[in-house]
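Visitor: Mind having a look at this structure? Questions to follow.
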Amino acid sequence: MASAVVSMVPTTASRFALLQVDSSSDSDSEKARGAHSSGKAHSGSAARGKNKGNEKKKEKRRKKKEQQQSEANELRNLAFKKIPPKASPGVAVQEHLTHTVPKVAQEEDWQQWQQRDVQLTSDMYEADLEKALILSKLEFEESKDNGNGDNGVPQSKKVNKKDKRKNNQGKDKPLTVPLKDFQLEDKHAKKQEELKSPPLPQDSGFFNKLEEDVTKIILKEKRKEHSTDVTEQFATPEYSMEPVLKDGRTEVLKQEIEKKEVELKQMKSIISQWEAKYREVKARNSQLLKMLQEGEMKDKAEILLQVDELLSIKNELTLQVTTLHAALEQERSKVKILQAEQVKYQGGKKSKRTAELEHGR
């Protein structure tokens, strides 16, 4: 079950997958296979023809291995910037090309390789985590099945399968099963077991929790890697403001940066001066506001006092006017009385005069 699941999980291909390690085990295994096949070969012309065909195949394989090794060495030299050996002509051509390629292109290639490595490592880590998850699920299911009782295939069937495999191995030893057929058989067996095995509704929450925990762990590690990458970029001297440019543009950029820094310092000093002036003006304005408020209060108090005085004067004048008006009316009445008496007195005089005149005649 575990091998089938591991084969089902997709794995990411890296640029180091092409690199092959030379080991004597492959040659020993090939020699053993050749000896085994030659020992079991039939005598006669058919055996000789087979041996010739095997020798041709071996020569082709050796040529392919040499080509793959040369390509792997070239890839190693490109990846790690090593000086390749001068043995093979293809490596010499690669050395000439690496010398002719400019430094800028090499650095760009190196950055691209770094990005690819980061992506590949993250993908491989996720794939490994998925594999571990699936394996843990399978182990959990197997342990639960073992605890509840063997719900799978009975032992008689297992024994029959083993006997069949032994018989097949004894009969068809020279035949080899390809990887694809083996994986397809494992997949079919897994599907049949999944169909046979009853669903586990109680364990869905457990697996969901496992997946959530794994996703959280992946996110945390990605954040940590990102933060470490950012800090390393800022800490490394490669992050310094000196990119590899042509025609001495780095010096020009340095001078411009220095000028900008000087301008920034000047602007900061000007801003500090203006801040001090602004504080002084603010203090003065606050003082003026206080003075104006005090002056307004004084003016208001004086005006109120004047209004009170005027009101008192008005009251006094109204009293005087009323008294004068009463005296005037009294005088008018007196004048009227005197006029009436005068009229009476004048009338008496006229009557006396007329009487005297009549008496004198």
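Note that Cβ sites are derived from N, Cα and C of the backbone, with glycine treated the same way.
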Visitor: Pick from 93-143, 246-296: which stretch is listed in Swiss-Prot under coiled coil?
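Guide: Of 93-143, 246-296, Swiss-Prot gives coiled coil for 246-296.
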Visitor: Given 305-325, 326-346, which one carries Swiss-Prot's coiled coil label?
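Guide: Based on what Swiss-Prot states, coiled coil spans 326-346.
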